Amino acid sequence: MIIYGVAFLALCTLAGLFIGEVLGKLIGVPANVGGVGIAMLLLIFIGSYLNKRGLFDKKSEQGVEFWSAVYIPIVVAMAAQQNVAGALSGGPMAILAGLAAVGLGFALVPMLDRLGQPKTKTAAPSKPIPSTQR
Amino acid sequence: MYESMLKVINGYGLVSGFAVIGVTMWVSYWLSAKLTKGRLHGSAIAIFLGLVLAYVGGVTTGGQKGLVDISLLSGIGLLGGAMLRDFAIVATAFGVNVEELKRAGLSGVISLFVGIVSSFVAGVALALAFGYTDAVSLTTIGAGAVTYIVGPVTGAAIGASSEVMALSIAAGLVKSIAVMILTPFVAPLIGLNNPRTAVIFGGMMGTSSGVAGGLAATDPKLVPYGCLTAAFYTALGCLLGPSLLFLSVRGITG
C-alpha cells in the first residue's frame, strides 16, 4: 500500500532528525547535526535492505516517489518565503560578503573535485594541463 | 462573494498553496520553452519567480517571510516550510546510487571544512574592507557568510551587537539566495553535472535552502547528493564559529 511507503519515509525522517537533535545536545551545538542527512542514509540503507528481502513492493515505493516528485514545487514555495527584502536591506557590505562567499565556493568546487580523485582517474592527462602549465 | 472566497482560501491554506505553486510552475515551464527554448530550466525560472514574489511580499508587508506575509498566500508557508521541505529532500534519497556516494564520501567531508573556512574568510575580508576591526564583529559577520543561522548563533555566543548580528543574517540570506539563482548558470563551468561534484558542492555552499534550490534548478537528479552533505554544514559551522574561528580571528587581530 502507498501509505506504507509514506510512513516509512516519515519514520526515516523523524528518526534522522531525532538523532541529529541528540547529537547536537551531546556536542553542545544549538543546531540539528545532520538530521536530514542521517534520515537520507537511513532511507537508502533500510530501503535497499527491505527491497532485497522483497518487503518493499512497487505500491509502497510510490509513496516515497510522490514526495520526491513534488520536491521542486516545494522548493519553489520555499523560495517564495525567503526574506529577500531583508537580505537586500542589509546594505552593500552584507550583499558583497554573501556574494564573495558564494563566488569562492563555486571556484573551489573544481579544485576539490580534482584533489580527491582516485589516482587511476587523474591519470587521464587531457584535463588538468591547460590551467597548471601556465 | 469576496468574503466567501477569502474564507475558502484561508481555511484551505495548503490546498491553495498547491494551486498557486502549480500555476507558477506552469507559467515558468511555458516561459522556459517559449523564451529560452528550454535552455534555462523551468524550475530555475520558477525559483527565480518565487524569489521575486518574496521580495514583493516583503516590501509590501514589511514582514520577514516574503510572500507568506500576504495573508491570502499563507498556505505557501506550509507547503514550503521546513517540515515538508525536509520530508521531500529525504524522499529524493530514494534514487541515490550508494556506490557514487561512497566514492565521494571523503571529498564531501573535506569540502565541509573548506566550505566553512572559505565562506568565513570571505565574510571577514569584506568586514575588514568596510572598516570593522574588532574580533567579535569580524567573526560574527564572517559566520553570517557561512549561513544565516551560524551568524547569529556565533554572534550570541561571543557577544556581538545587534546591528552586527543583523548584518551577518543579511549576508547569509544573500548567500542562500545567490546560490539558488546562480547555480544553474555556473554549473557547466565548474563541472557540476555528476554526483561527486554535487556532494562537494553541497559541502562548499552548505546553506540548505540554497543548495536545495540551486540543484533543483540545475538537475534534480543531483539534489540528494548535495543536500546530504549540506545537512551537516550549519551544525559544523555553529561548532567552529564561536570556537576555532573566533579564536583564530582574535589571535590575528590581537
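Cβ coordinates are placed from backbone N, Cα and C, and glycine is handled just like the others.
All annotation found in TrEMBL is predicted automatically rather than curated by experts.
Residues annotated as domain 'Malonate/sodium symporter MadM subunit N-terminal' in TrEMBL: B:6-252.
Per TrEMBL, the feature transmembrane segment maps to B:12-31 (among others).
Residues 24-25, 27-29, 31-32, 66-70, 73, 177, 180-181, 184, 213, 216-218, 220 of the same chain lie 6 or more positions beyond the ends of the transmembrane segment (B:43-60) yet place their CB under 8 Å from a CB of it. What TrEMBL lists as transmembrane segment is B:43-60 (among others).
Taken from TrEMBL, the feature transmembrane segment covers B:72-94 (among others).
The list of residues near the transmembrane segment (B:106-128) in space but at least 6 beyond its ends in sequence, with Cβ under 8 angstroms from a Cβ of it, reads 137-139, 141-146, 168, 171, 175, 196, 199-206, 228-229, 232-233, 236-237, 240-241, 245, 249. Residues annotated as transmembrane segment in TrEMBL: B:106-128 (among others).
Distant neighbours of the transmembrane segment (B:135-158): 116, 119-124, 126-128, 164-165, 167-173, 175-176, 206-207, 233-234, 237-238, 241-242, 245-246, 249-250, 253; these residues of the same chain sit at least 6 beyond its ends, with a Cβ under 8 Å from one of its Cβ atoms. Summarising the annotation, TrEMBL assigns transmembrane segment to B:135-158 (among others).
Here TrEMBL flags B:164-186 (among others) as transmembrane segment.
Long-range contacts of the transmembrane segment (B:198-217) within the same chain: residues 41, 43-44, 47, 85, 89, 101, 104-105, 107-112, 114-116, 118-119, 146-148, 172, 175-180, 182-184, 190, 192, 223, 225-234, 237, each at least 6 residues beyond the stretch ends and with a Cβ under 8 Å from a Cβ of the stretch. Positions annotated as transmembrane segment by TrEMBL: B:198-217 (among others).
The transmembrane segment annotation in TrEMBL covers B:223-247 (among others).
Long-range contacts of the transmembrane segment (B:12-31) within the same chain, counting only residues at least 6 positions beyond its ends with a Cβ under 8 Å from a Cβ of the stretch, are 42-43, 45-46, 49-50, 72-80. Model confidence over the domain 'Malonate/sodium symporter MadM subunit N-terminal' (B:6-252) is summarised by a mean pLDDT of 86.
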